[in-house]
Amino acid sequence: QHPSVNVTSILSLPLPELSKKLRDGSLSPDHVFYAYVGKAVQIATETNCITEFLQESESQARKAKLMEKQGLLYGVPVSIKDSIDCQGHDSTLGFIKNLNKPAAEDSVVVQVLKRQGAIPFVKTNVPQSLISYDCKNLIFGQTRNPLLYTRTPGGSSGGEGALVGGGGSILGIGTDVGGSLRFPAAFCGICAIKPTGKRLSKRGIMSGVVGQKAVAAAVGPLAKDVESLALCLRALLSEDMFSLDSTVPPLPFNEEVYSSTEPLRIGYYETDFFTMPSPAMRRAVRETKELLEEAGHTLVPFELNNVDYVIFNYCVRGMFADGGSSFVRKFKGEMEKGGSGLFFWLAKAPHWLKTLLCWISKPFVPRFSSIISSMKENTVDEVWSLHQEIEDFCHQFLSQWKRLNLDVMLCPMLGPALGIGYPTKLSVAVSYTMLYNALDFPAGVVPVTLATDEDEEQLKGYKGYYQDWWDRTLAKAFRGSVGMPVAVQCVALPWQEELCLRFMKEVETL
């Protein structure tokens, strides 16, 4: 509608530059807003990633010029995951029963974004219940990867991954309880950070599994580059966040740590010995390690132990400590259960059947047997004991970290993107991400390479560590992904999001 507005130019600007131009007046908020609305419509048509347009965002864009105080995200259109409350709009979690139940008020994160001048303009798709790293439900259907439509965008923040990855949003906000920010970012070729669980407020954010405390959920941003994530965290870690939710520690963004150029001492591993990395994953870690060494950083091998025990006994058992009964109740009256099929089925199965299946499968499919045994109803004493075990494991992990005198850790990230439907069959493949929810360490992903023909050729020899049905299925899921992005995971100690971002920036630059 404005011939003088160069939409292509607006959409090509990185967030820090766009934000600067909005604040100095060289770009108008409504011009930027409509540029992104137009692009978002295009990406939504291609990928089915948007669930709702937030109508009030139009008037917010028009009134932006009247704001007395221009925040760090002044005039920036932001996309919001379905499960994050926006006043007057549904947070469905993909459940039909949650339709037409608009939130009474904005979540704290959305309130802070608005106070910083941001304009939340769309909500994005999720898998039913959020307990999946695909992105499909009966209300809104299947979301597709913007880079290759036959691939999943990841989940549960899959709509965010598709929209930001396709260029229809410059900044997205999602959540992560087992990789739900990191899968979409890695699969769609963008960046994301999962902060320490309590660094950002979770008030007004709906959870896929109610009440569980063993595996830390977190809120975090997705964007095309690391500097955009840093700008978002600078804005969110403001006085507003701490005044609106007093349970969040008053830790403002530490600029000194983020901007440091001191050489880092970096731990690394190529595999967790539970999910065999694809050839592209292994190469991504090796190439990144070599570049970091050439840049003057010290790389130290780190050995993971008992990841299988952590996944089954801490993560699965921790999330479903009541045997999954509260999880099953969420599905009452709902038709679709496919995205969380295995967990849903096991949660509904009678105790005698689970015992029998566990006994039969143990010699032949040990991982299936382990999942069954971890889906049992725990007594109060057993829950307390579980929390103590998780705490002890965290201290052991920290002891090894301190013994090696590490600053940060370089780890594999599952990839390239799996075909649509495969995440439902491959719940065990969350080991690389879920470990850092159990530990509650900040973890981010940065795309570093693309899958090659050579990677594809080497997949013919992919066997997996257990050589069971899951390993055979994963080998199939990785195939046909030449040209798709592959990321690495960057990890820091709790509350050190700025150091995690600084490491991510280093990886991105190299």
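Backbone N, Cα and C atoms are what each Cβ position is placed from, and that goes for glycine too.
Quantities reported herein were computed from a predicted structural model and do not represent experimental measurements.
As given in TrEMBL:
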DOMAIN    35-501  domain 'Amidase'
ACT_SITE  LYS81  active site, charge relay system
BINDING   LEU130, SER156, VAL177, GLY178, GLY179, SER180  substrate binding site
ACT_SITE  SER156  active site, charge relay system
ACT_SITE  SER180  active site, acyl-ester intermediate
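Annotated features taken from TrEMBL, shown on the structure.
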residue: LYS81; record: active site, charge relay system; contacts (Cβ under 8 Å, 6+ apart): LYS123, THR124, VAL126, SER156, SER157, GLY159, GLU160, GLY172, ILE173, GLY174, THR175
residue: LEU130; record: substrate binding site; contacts (Cβ under 8 Å, 6+ apart): SER83, LEU93, GLY94, GLY155, SER156, THR175, VAL177, SER180, SER207, GLY208
residue: GLY178; record: substrate binding site; contacts (Cβ under 8 Å, 6+ apart): TYR133, VAL215, CYS315, VAL430, THR433, MET434, ASN437
residue: GLY179; record: substrate binding site; contacts (Cβ under 8 Å, 6+ apart): TYR133, LEU414, VAL430, TYR432, THR433, MET434, ASN437
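Counting other CB atoms no more than 10 Å from each candidate's CB, the binding-site residues SER156, VAL177 peak at SER156. Averaged over the domain 'Amidase' (35-501), the predicted model reaches a pLDDT of 94. Listed in sequence order, the residues ILE131, SER132, TYR133, GLY155, SER157, THR175, ASP176, LEU181, PHE183, GLY208, ALA217 complete the 8 Å Cβ shell around the substrate site centroid, once LEU130, SER156, VAL177, GLY178, GLY179, SER180 themselves are left out. The maximum pairwise C-alpha distance among LEU130, SER156, VAL177, GLY178, GLY179, SER180, the residues recorded as binding substrate, is 11 Å.
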